[in-house]
Structure formats: C-alpha cells, structure tokens
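This is the feature table in TrEMBL:
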- 1-20: region 'Disordered' (REGION)
- Gly135, Thr136, Phe164, Asp252, Glu253, Val254, Gln255, Thr315: pyridoxal 5'-phosphate binding site (BINDING)
- Arg167, Thr314: N(2)-acetyl-L-ornithine binding site (BINDING)
- Lys285: N6-(pyridoxal phosphate)lysine (MOD_RES)
Amino acid sequence: MTALENARARHRSPEATDANLPVLAADGSVAQWTDRYTHAVMDTFGPPQRVLVRGEGPYVWDADGTRYLDLLGGIAVNSLGHAHPTLTAAISAQLGTLGHVSNFFGSPTQIAFAERLLALAGAPEGSRVFLTNSGTEANEAAFKLARRNGGTDRPRILALEGSFHGRSMGALALTHKAAYREPFEPLPAGVEFVPFGDTDALEAAFAVDGDQVAALFVEPIQGEAGVRPLSPGYLARARTLTAEHGALLILDEVQTGMGRTGAWFAHQLPHVGGGIVPDAVTVAKGLGGGFPVGALIAYGEQTATLLGRGQHGTTFGGNPVASAAGLATIAVIERDGLLHHVSALGATLRDRLAGTGNPLVAEVRGEGFLIGIELTTPVAAAVAARALEAGFIVNPCTPSTIRLAPPFVLTQDQADQFVAFLAAVPQDLS
Ligand SMILES: Cc1ncc(COP(=O)(O)O)c(C=O)c1O
C-alpha cells in the first residue's frame with residue numbers, strides 16, 4: 001500500500017466508500033507532486049521540501065513513504081501532533097452538526113471558546129475576544145484597535161526591530177524586515193521601530209510626544225527573528241511606560257501562546273512577563289491544533305469596546321468548526337498535563353542540545369517547546385537539509401539559527417534522537 005492509500009484506508013468512513021469523489025488527490029511520488037506544485041501553486045514559498053501525505057502524533061510521511069519526526073510542528077501549530085483522535089472527532093462532530101453560520105448569528109462553540117480564552121488569559125471583567133482565522137488577521141484587528149485609541153491624536157505606533165507580525169498590510173507595517181515590507185510600500189502610516197529589548201530606547205521613544213503613541217506591539221519572545229527573548233524587565237518597563245502615556249500594550253503571542261512555552265501565554269511566565277497585565281494579546285498558530293483559528297483578546301471593558309459595531313468583521317472568524325477545534329485543543333492540553341510536559345521536557349531538551357559537545361552549537365535558548373539553536377557559523381540551512389535527510393523536520397529561521405517548535409506530545413526518546421543527530425553534525429558544512 002502506498003502512503004496515500006494507507007491514509008485513505010484509515011480515514012474512509014463507511015458512508016463515503018461508494019463516492020468516487022476526488023476528495024483526496026491521486027497517488028504520485030514526491031518528485032511528481034513537486035513538479036505539479038510548481039505549475040499550480042504560486043511561487044511565494046519556493047518549492048516544497050517534500051510533499052507530505054499523512055501524519056500521526058509527532059510524525060509525518062511523504063508521498064514516497066518516508067517518515068519524518070516533525071520538530072517544527074507546522075511552525076508552532078500542531079501542538080497535539082498530527083491526526084489527534086480527540087481533535088479529529090471534535091472537528092468532525094461539529095461539522096456534522098453545524099459547520100458555519102454567519103456573524104449575524106452566534107453558536108455555543110464560538111461563545112464557549114471565547115469564554116475559555118478569556119479565562120486562560122486571566123482577563124478581567126469586561127474583557128472580550130475577536131475571533132479570526134490567522135495570526136496576521138489577529139494583528140490586523142489589533143492594529144485597528146490601536147487606531148481607535150486616540151485616532152488622529154495618537155498617530156504613533158511602536159514596534160520592535162526584528163519583529164514579525166504577519167503579511168497583511170497592517171501586520172506588515174508592524175513587521176521590521178525590510179525585504180518583506182519594501183515591495184509593498186506605502187504601508188499604513190505611523191509605525192516606528194525601536195531597538196529590540198532596549199529599555200533606554202523605549203524610554204526615549206516615549207520621552208518626546210509620548211502621548212501621541214497609540215500602542216506598542218511586542219512579541220514576548222521573537223520567533224521568526226531566531227527565538228530571541230526580551231531582556232529581563234523589558235515587558236514590565238513597557239507596561240509602565242504605556243500606562244503612563246495612555247498607550248496600549250499589545251502582546252503578539254501568535255507563536256508563543258497556547259502552551260508553546262509551557263504556560264498558556266509566555267507573558268504569564270513570571271521571568272518573562274514580571275506579572276504584567278497587557279491591554280491586548282493576539283494568538284493563532286497552536287490555538288486550533290492545526291485548524292486555522294486566531295484571536296484578539298482585549299483586556300478590560302475600556303479596551304474591549306474600542307472596536308464598536310460595524311468597525312470590524314470577518315466571514316469565517318468565530319466559525320463553529322474552528323471554535324470546536326480550539327476548545328478540543330485546550331481540553332487535551334489540560335487533560336494530558338501538556339503544559340507541564342512542555343515545560344519539563346523543553347528544559348531537558350535545551351540542556352541536552354547545549355551539552356552535545358558539538359562545537360557548531362554556540363547557544364541554545366527559548367522556553368518550553370520554542371527552542372532556538374544558535375550555531376557558530378551561518379550554516380543553519382545546511383544543517384536543516386541534513387536533518388531532513390536524516391528524518392527530522394527543523395527550521396533554519398535565520399542563517400545561523402535552527403528553530404524547533406515540536407508537538408507537545410513529543411517524548412523524551414524522540415527528542416533524544418535529534419540530540420544524537422545534532423551531536424554528530426560535522427562542522428565543515430557550507
Ligand atoms: C509572532 C507572529 N505573529 C504573527 C504571525 C502571522 O501569523 P499567520 O502566519 O497565521 O498570519 C506569525 C507567523 O509566523 C508570528 O510568528
């Protein structure tokens with residue numbers, strides 16, 4: 001049986017057997033699929049490294065039947081691993097009951113999901129959620145929220161150098177990397193970038209016209225920039241300065257949220273957040289365990305009512321199936337004690353990665369299952385290519401950084417297999 005036939009056999013329901021509908025594509029090799037990809041899919045990502053046909057737990061299989069340990073988890077998305085039975089059942093049950101309603105209507109899953117998010121966030125009375133389909137949309141909503149804080153009297157919005165907030169125009173305006181921004185200028189105006197993790201620079205940004213700042217956007221740990229933690233005390237200082245000047249403190253936890261760091265939100269880790277309460281948090285990626293869903297959580301009545309009726313919308317945001325996926329993902333993380341597992345195994349894994357004795361490894365950083373391996377030379381792409389050949393999916397997020405964001409179901413044994421691989425990577429890669 002080919003990998004695809006295998007996948008079909010596992011998921012074919014009795015009712016579906018007679019329907020020769022092209023629900024799953026026909027068979028093909030990785031090479032054949034890659035060729036078809038280049039003719040059908042817009043070339044924004046480059047050619048796929050492999051074409052994958054199925055997954056189970058922390059493993060995925062390509063169209064040639066080769067298995068990989070997925071240490072990237074769809075870039076911090078597949079928190080429960082692949083094809084998790086509880087998530088699959090929850091999504092199927094919701095789709096078989098009520099798949100979509102317009103936002104002229106509510107659904108119990110949507111409402112319960114928003115309530116769960118508020119509870120996990122520890123958000124005070126009066127807080128509210130706006131549900132989206134992705135991280136960039138969550139940040140787009142947050143950008144509009146910021147604009148509503150003072151309007152034209154507060155034209156300034158601060159973001160950090162190295163930031164990544166998404167690819168739609170508002171989120172892109174908040175994203176620092178010139179190569180992403182410049183082809184699309186002019187972007188929404190008013191965004192200023194301050195040096196990363198530098199409290200003096202932040203003080204300076206507020207020292208002149210500080211009352212014209214509508215919001216400060218911060219990732220508690222910069223993911224795309226190489227799993228970079230903020231300096232200790234940065235968020236606490238940011239909280240004080242924004243509060244003093246009436247600006248919103250908006251935390252982008254799209255990558256760091258929903259258990260990725262061993263806490264529901266990274267800023268809830270005392271050594272990261274120092275006990276602060278933000279004005280808003282954006283979240284997506286792991287929120288639906290692989291189903292597209294995002295959210296803007298606004299803290300407190302005042303912030304939560306900045307966006308009024310008719311001022312924002314989305315057809316799919318709050319979709320019952322996406323909400324069911326979110327609820328199921330949260331339930332499994334709680335039931336299986338995965339926050340503790342991520343915290344404990346993440347610490348062990350970071351120690352073991354740092355202790356391989358391979359001189360290629362300069363530093364290992366991160367929290368929980370968001371890990372950056374800093375190399376002594378810019379050979380991250382070559383290391384990732386070797387890893388793929390050896391059956392591990394990892395990501396060279398900068399020329400010298402390997403990022404790991406594995407599913408929360410990863411075991412110690414599986415993690416150790418990658419540690420052994422890293423220990424043996426030769427130094428003379430180019
Ligand atoms: C911190 C952060 N914010 C926003 C985004 C954008 O999310 P999405 O790709 O779902 O639009 C990402 C994606 O990598 C991210 O890491």
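Placement of Cβ uses the backbone N, Cα and C atoms for every residue, glycine included.
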Sorry to bug you, but what's the C-alpha spacing from Thr136 (pyridoxal 5'-phosphate binding site) to Thr314 (N(2)-acetyl-L-ornithine binding site), rounded to the closest Å?
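Given the Cα positions, Thr314 (N(2)-acetyl-L-ornithine binding site) is 13 Å from Thr136 (pyridoxal 5'-phosphate binding site).
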For Gly135 (pyridoxal 5'-phosphate binding site), what is the tally of other C-beta atoms lying within 10 angstroms of its C-beta?
29
For the binding-site residues Gly135, Phe164, Gln255, Thr315, which residues place their CB under 6 A from an atom of ligand 1?
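Only Gly135, Phe164, Gln255 qualify.
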About how far apart, in whole Å, are the alpha carbons (Cα) of Glu253 (pyridoxal 5'-phosphate binding site) and the residue listed as 'N6-(pyridoxal phosphate)lysine'?
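It is 9 Å, counting Cα to Cα.
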Taking only the Cα atoms, work out how far Thr315 (pyridoxal 5'-phosphate binding site) lies from Arg167 (N(2)-acetyl-L-ornithine binding site), in Å, as a whole number.
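It is 19 Å, counting Cα to Cα.
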Here the binding-site residues are Thr136, Gln255, Thr314, Thr315; which one has the lowest number of other Cβ atoms no more than 10 Å from its Cβ?
Thr315
If you count Cβ atoms within 10 Å of each one, which of the recorded positions Arg167, Lys285 comes out on top?
Lys285
Quick one: Cα separation, Phe164 (pyridoxal 5'-phosphate binding site) versus Lys285 (N6-(pyridoxal phosphate)lysine), in Å?
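With the alpha carbons as reference points, the distance is 14 Å.
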According to DSSP, folded down to helix, strand and coil, what is Asp252 (pyridoxal 5'-phosphate binding site)?
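For Asp252 (pyridoxal 5'-phosphate binding site) - judged by DSSP and reduced to three states - the answer is strand.
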